[in-house]
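Taken straight from Swiss-Prot:
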- 33-53: transmembrane segment (TRANSMEM)
- 77-98: transmembrane segment (TRANSMEM)
- HIS83, HIS182: heme b b562 binding site (BINDING)
- HIS97, HIS196: heme b b566 binding site (BINDING)
- 113-133: transmembrane segment (TRANSMEM)
- 178-198: transmembrane segment (TRANSMEM)
- HIS201: ubiquinone binding site (BINDING)
- 226-246: transmembrane segment (TRANSMEM)
- 288-308: transmembrane segment (TRANSMEM)
- 320-340: transmembrane segment (TRANSMEM)
- 347-367: transmembrane segment (TRANSMEM)
Amino acid sequence: MTIIRKTHPLMKMVNHAFIDLPAPSNISSWWNFGSLLGLCLIIQIASGLFLAMHYTSDTISAFSSVAHICRDVNYGWLIRYIHANGASLFFICLYLHIGRGIYYGSYMYKETWNVGIVLLFLTMATAFMGYILPWGQMSFWGATVITNLLSAIPYVGTSLVEWIWGGFSVDKATLTRFFAFHFILPFIIAATAMVHLLFLHETGSNNPLGIPSNSDKIPFHPYYTLKDLLGVMIILALFLTFVLFFPDLLGDPDNYSPANPLNTPPHIKPEWYFLFAYAILRSIPNKLGGVIALVLSILVLALFPLLHTANQRSMMFRPISQLLFWVLVSDLFILTWIGGQPVEPPFIIIGQIASILYFSIILVLLPVAGLIENKMLKW
């Protein structure tokens, strides 16, 4: 009898994607983050669905409804903290996944890489809108400041901001539409992730050596299903420890005060995972320039395939590029730190230097390093 997974139309798709998929035999734990991102998305959609059952998207009762979830709903506090910290886990996995892609040259699969950038933008938009929903001080002022950036667009800016707000300030209309978008976007992310996977399976996975692995493939199941399962268990253990012991560590205390349009918090800042981009935005004194730099800080990822000058795909045997990569990682940590600091000396100049270094490494130094390494290897 023919095995059902090879004949049934639906099972056949699952089989080709997760069971009989030929995978390189040498991919390391850095390749675990794709499946972990899938896990994060499932956790966020599941916990978000239960939160949405009790949440009210109204300016008068939004803050109270979140308090009600934490106090009165069975395990509501747990669901709320899983969802809030799940976003942080999502971005940790996301940034590690992107870092892996840069280090090992996975960006040479252009379609997969570009769909990944779209996924990053969608995830950032979803996280931003989710942060507005509890309607605390930082929610309200974060929404006001970030949406206001669109007013820097010449000619249509102001109209665009008022159109997004649904009025002349962030109010009930804004909260309601943000809730609607925050609910629908994760499903769009899930669909886009399927496209991401589709393009990846057209070419097959990259590997740490950055060389074709057609001569040495192994089936995805049981080898990588078990390997992914180990990653899932480790991440879940760390995540639940964090949620149960330090649930408020990454949150802003200001968000425990209800939104008040008449009282501006001394330091308006987004969640930690946006701080690097926020620091780049603030490092330029001009509003429009800052917005352009903010968008480019993410869009610059799309240039990686075009700026790849090295004859080797992976950085595994390219010491200069390796050094620059880790300087870039350190630079991102510095930008994240600066994004959470007030706008005053010496933080201003540190942020500006770190922002210039960020773009310099990606646009100039890495391509030049690739050319130098070609010369060193006489390629």
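Cβ coordinates are placed from backbone N, Cα and C, and glycine is handled just like the others.
Three or more CB pairs closer than 8 A are found between the transmembrane segment (77-98) and the transmembrane segment (226-246), so contact between the two stretches is assigned (pairs 6 or more residues apart). Listed as Cβ neighbours of the transmembrane segment (33-53) (distance under 8 Å, sequence separation of 6 or more from its ends, same chain) are residues 69, 79-80, 82-83, 86-87, 89-90, 93-94, 96-97, 100, 130, 182-183, 186-187, 189-190, 193, 228, 231-232, 235-236. Checking each of the binding-site residues HIS83, HIS97, HIS182 against HIS201 (ubiquinone binding site) by C-alpha distance, the shortest gap belongs to HIS97. Among the listed stretches 178-198, 226-246, 288-308, 347-367, the one sharing the most Cβ pairs under 8 Å with the transmembrane segment (113-133) is 178-198. HIS182 (heme b b562 binding site) sits 23 Å from HIS97 (heme b b566 binding site), taking the Cα positions as reference.
Note: the CA-CA distance between HIS196 (heme b b566 binding site) and HIS83 (heme b b562 binding site) rounds to 24 Å.
If you take the Cα of HIS83 (heme b b562 binding site) and the Cα of HIS97 (heme b b566 binding site), they are about 21 angstrom apart, rounded to a whole number.
In the structure as shown, the Cβ atom of HIS196 (heme b b566 binding site) sits within 10 Å of 21 other Cβ atoms. Applying an 8 A CB threshold to same-chain residues 6+ apart, the list for HIS97 (heme b b566 binding site) reads PHE33, GLY34, LEU37.
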